[in-house]
Amino acid sequence: MGSKLEGPSAPAIRRDPYEVLSVSRDSTDQEIKTAYRKLALKYHPDKNANNPEASEHFKEVAYSYSILSDPEKRRQYDSAGFEALDAEGMDMEIDLSNLGTVNTMFAALFSKLGVPIKTTISANVLEEAMNGTVTIRPLPIGTSVSGKVEKQCAHFFGVTINEQQAEAGIVIRVVSTAQSKFKLLYFEQDAHGGYGLALQEDSEKAGKVTSAGMYFLHFQVYRLDSTLNALAMAKDPEAAFFKRLEGLQPCEISELKAGTHIFAVYGDNFFKTASYTIEALCAKSYEDTSQKLKDIEAQILRKRTELRQFETEYRKALARFQEVTNRYSQEKQSVSFLASHIIQTSD
């Protein structure tokens, strides 16, 4: 007996995603992300177990955010509304804490098969952070800490930097030699002493480890989201080639000021604890690497522009090739038909 993996799907009646998130059409990515997190926390199933209406609001908020958080989907919606979107191919986020054991097993299986499964952060973790009740361990610059974090839980770390370190730039990296799934989170302190989620990076497999990093280097840093449109690309190998660099997305925050900054490692495994090592580095010691990163990102951006132009040329050439191929088949049939009549007449 099959079991369907439940995730935030398109609501029966779809409302304008800008209206759902209470943002304007010219809102920045950060404003959209902030609005989403507030509403997702408000309507999260963990906090509204006996309120079906809140669950529907949560799905609507998640669906709206899945559109506006993706530059391409947002552009499509702005130009032609919901009709321009292929809802079936849209990447959705699921809440592991709200799944039963069977559905969690299916999610884990799909993930092992290479299907991108995006997960949300537990409302309990976000609420504790907002209330300022989390335990924060110090993580001095130039040091590393190893640990194991339970699934859907988080270990918080405080990284204190001085003016010179802030000016040089900071890098926060997390690596798991056990290839655990995790999220690297960055929180900003609010006026009430709590911590609001500002950035998150999902771990990616790199060789024999999984890793995630945040780079605050005073220039625009990009990250490659490998799950972007992965399901849609799988249906069209040609599109997969042309869209391969479309996952390059700019990070929202490029620098940190002197003071203490809060990071967390969130356990994102489906069943077991996540093993990790987190380290905080000052970019002063890696100036050559930073320049190489800037150069490589510039090359990727140029190549992405070239690929977009080449795709247009390729599609036109392919359409012309198909047109000529079809005509060839038609002409071949026509010649064969006439030839057969000539033979019959001569007989």
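Here the Cβ of each residue, glycine as well, is placed from N, Cα and C on the backbone.
Annotated features in TrEMBL:
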- 1-28: region 'Disordered' (REGION)
- 16-81: domain 'J' (DOMAIN)
- 286-327: coiled coil (COILED)
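Per-residue pLDDT, averaged across the coiled coil (286-327), gives 84. Helix, strand and coil residue tallies for the domain 'J' (16-81), in that order: 48 helix, 0 strand, 18 coil [DSSP].
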